[in-house]
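Swiss-Prot annotations:
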type: BINDING; residues: Arg56, Lys147; note: substrate binding site
type: ACT_SITE; residues: Lys230; note: active site, schiff-base intermediate with dihydroxyacetone-P
Amino acid sequence: MAALYPALTPEQKKELAEIAQRIVSNGKGILAADESTGTMGKRLSAIKVENVDENRRVYRQLLFSSDPSVTKAIGGVIFYEETLYQKTDDGTPFVKLIKDRGIVVGIKVDKGTVPLAGTDGESTTQGLDGLAERCARYKKDGADFAKWRCVLKISKNTPSALAIAENANVLARYASICQQNGLVPIVEPEILPDGDHDLKTCQYVTEKVLAATYKALSDHHVYLEGSLLKPNMVTAGQASKIRCSPQEVAMATVTALRRTVPSAVPGITFLSGGQSEEDASLNLNAINQLPLERPWALSFSYGRALQASVLKAWAGAPANIPAAKKEFEKRAAINGLAAQGKYVPAGSSGSAASESLFIANHNY
């Protein structure tokens with residue numbers, strides 16, 4: 001066996017561990033506001049708003065300038081590169097606005113998925129070229145964590161062993177590069193909800209993917225205490241005729257995590273995966289009420305499940321901004337409670353919160 005060459009200094013490890021803990025402490029989670037320009041275009045066109053720089057800036061300003069009470073539930077915000085350099089109406093950089101509230105700034109660093117040759121329509125994620133230089137710049141410009149998404153799907157022939165191994169290795173390379181540059185890596189091996197598979201199949205595949213991911217992270221000497229995991233919840237496929245209860249989703253999800261994720265990882269921040277806002281909150285709540293030992297913080301890193309109602313309330317009108325902020329504050333508070341297993345639904349959650357947010361072969 002090769003000699004052990006320490007990759008990170010004790011000071012680097014301490015900083016990374018402290019950042020990771022801050023993001024997920026006391027029921028806090030992450031607002032994923034890292035939609036690419038193309039994805040924001042789809043979101044804005046749904047409310048008949050033009051996809052231009054200023055409209056994207058105004059919308060993100062709406063989210064970032066909500067009532068300070070959201071800091072009880074939001075520990076981190078993931079930016080898209082464009083957002084990292086945008087400012088509020090009065091000239092305050094978004095990065096300063098967020099950091100002044102005690103929220104950690106993150107940045108999406110991958111360059112999207114590309115086809116993986118020799119597979120049945122599977123993909124890998126690009127963006128490793130120049131990543132070290134970009135991470136160093138983002139750290140200097142105020143970011144303290146990063147996100148990289150890999151995508152796998154369940155079908156008769158997928159995920160293949162090749163796709164699992166390739167994506168695990170890419171995630172590990174990314175995580176190692178981030179840590180060398182002072183950024184906490186969020187590792188996101190998303191298994192898409194597309195398909196008619198049952199809960200048991202999703203659990204099996206999730207376990208295989210996470211086991212491969214953590215083997216790769218070990219091979220690449222990634223410091224787990226200074227990292228976070230962003231997995232899918234274990235659910236039946238979107239086209240499955242069987243609808244699972246939050247308790248069934250919780251048991252399958254936590255069982256898969258207990259079998260594969262080392263307890264050194266400080267936090268697991270679930271993606272919403274096209275669930276409705278309310279389903280994402282109910283499932284997270286059930287996960288945190290499960291009578292099984294859970295050595296990690298189990299929280300959220302939601303994009304659509306924190307923003308769908310906000311977008312509808314805003315609809316691009318300046319007069320609607322206060323109402324839209326209220327919607328965001330409400331969803332943030334609900335998920336902050338769910339991350340502690342303390343969410344008690346109060347009857348009807350409103351039509352927008354109950355709408356499925358599923359998008360086939362979702363890409364952003």
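Glycine is treated like the rest: Cβ placed from N, Cα and C.
Summarising the environment of Arg56 (substrate binding site), the number of other Cβ atoms within 10 Å of its Cβ, over all protein chains shown, is 22. A straight line from the CA of Arg56 (substrate binding site) to the CA of Lys230 (active site, schiff-base intermediate with dihydroxyacetone-P) spans 25 Å.
A count of other CB atoms within 10 A of each Cβ picks out Lys147 as the most crowded of the recorded positions Lys147, Lys230. For the recorded site, Arg56 (substrate binding site), the DSSP three-state label reads helix. In the three-state DSSP classification, Lys230 (active site, schiff-base intermediate with dihydroxyacetone-P) falls within coil.
In the three-state DSSP reading, Lys147 (substrate binding site) counts as strand. Taking the Cα atom of each, Lys230 (active site, schiff-base intermediate with dihydroxyacetone-P) and Lys147 (substrate binding site) are about 9 angstrom apart.
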